[in-house]
């Protein structure tokens, strides 16, 4: 158990949050699922609804799902850690380095619809295109990604609960994924989307609460000028940041911040591209909806780590050493993500502790539900139906999906336990994950978007990239610090070197191999895969008749009242070049999707350049910020957060107004009947 200098709440509060709030929310989600099944056309007993939300989710809810799935424990804890260590550059590079991946994912969201409109996972495209051997390699990288992300979720959540309440870490590790599994296994992907929406609204409320407490009013910080003075005093005490301009925390001229930014981009490319939970959101919506959802979600997610980390990270750094209520944190406690809860306690006492507990609970549980349903889909469609029992379908598959959710909840807890007792922190896992799974980034992107991508090049690139990345990571740690340990492998330069080698070597090998020996795949098989038998069935048009010919009819009998009826004969239309008609059979327009993809590429590239190059260049024009510069930075972040509230809070309600009206009428009617 982490020794907690900031423990201000009793163990009972920890149990109330983890068990009471967890299972109360699960009960609420079960009630929502009941209303959905009773009053709408969507029923969670359908496997398509459970795993893909009937492919009918609208962009606002897709955006909410992306924001929530991308808001891990690390989003709030690790972003605050790097701000605590490096200053304002840490918060910015965390947010920018993890937003551009969501934008790029919008490109794959369009492509997967034109290449494989009926698949349930992105790994199915890999199997159909490359075969089972290559498929197994991709599955391994995908599941390791889910394992690392899931471990961070429970590890970070349990650490904060333990620090603030004294609840034993084992209780947090096992109860958090268990409570989430209750509503995930019952409600499926749509329940996950609804949970995402409600959780994200709660996140916004708590972030705004801390924002106003720190940057306005008469609190311990009391505003922009006072914050600047307190941080200047930290530098004057000799506790400034080595490599920052003037050692200041109020500068974007930060060598350590930039190093973290590059590492962050590599690692988060891996966790987005390799994680089925993001591809699941593409599959669960129309292509134009998915593209808008990813673009909106990426823009709405940015201010969450940016504003929260800027607020809590700077507050923690300003208060440490001068306020007795601010905990003095060891390196291991900082790496565990404890500056944020410590600052919350110092700023707001027990109220701050409760607020940050609720904040972390909402972030951890919503992202956990996304991980559970993603792993369930991979196990069901890519392992069980392919390698264990190919002839199964229907109710049996539904049971397998549900069982996979429960098993993964247990695996999350077990690995969280292993990492905890091995002395592995949230921060170590976060910086290491790109080294392990980043080699799969370009192979996945190329598989879904580039016809030349070669399967052998993908496998060789991934395995060589992984081996060289790990080797570089360990050798750099030993070369710089003369030992390989948890501490040295968590340092900036070893993790930077390992991440860059992993992703670059894999990309170079895959691209060069594919150019020398291109596959030139047409995606014909993937378009037809899993399509309904009658996908291309259509009535024989009257224009096909010769002059004077009578339209052929088929005669059938209604089995209930034995009345005969006449139906026109049908025919299967031609599948077209490379089976493109299957895309239209899915209710999609290939030309419209291609036009959307071009717009998405232009927007994604432009926004990526803006976040990674333009804004940092402008922000570094001032060597060290004055209070006015800090104020502009902070209030722009707040305005951006209001945009997020509009996208995630208001837009989904507007889009679902018709369905909500149906449900409300059903409830009123049911109440009158009971009366």
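Every residue gets a Cβ built from N, Cα and C, even glycine.
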Quick test of your reading of TrEMBL: among 375-398, 399-422, 519-542, where does it put transmembrane segment?
399-422
According to TrEMBL, which listed range is transmembrane segment: 428-448, 554-574, 575-595?
428-448
Of 12-35, 228-251, the range TrEMBL labels transmembrane segment:
12-35
Among the recorded stretches 91-110, 197-215, 300-322, which has the greatest number of Cβ pairs closer than 8 Å to the transmembrane segment (428-448)?
91-110
Interface check, the transmembrane segment (343-364) with the transmembrane segment (399-422), three or more C-beta pairs under 8 A:
no
Are there residues at least six beyond either end of the transmembrane segment (399-422) with Cβ under 8 Å to its Cβ atoms? List them, or say none.
47, 50-51, 146-147, 150-151, 153-155, 158, 169-170, 173-174, 176-178, 180-181, 184-185, 188, 368, 371-373, 375-377, 379-380, 384, 392, 429
What same-chain residues lie close to the transmembrane segment (600-620): Cβ under 8 Å, and 6 or more beyond its ends?
92, 96-97, 99-100, 103-104, 106-107, 109-110, 251-253, 261, 265, 291, 295, 298-299, 302, 633
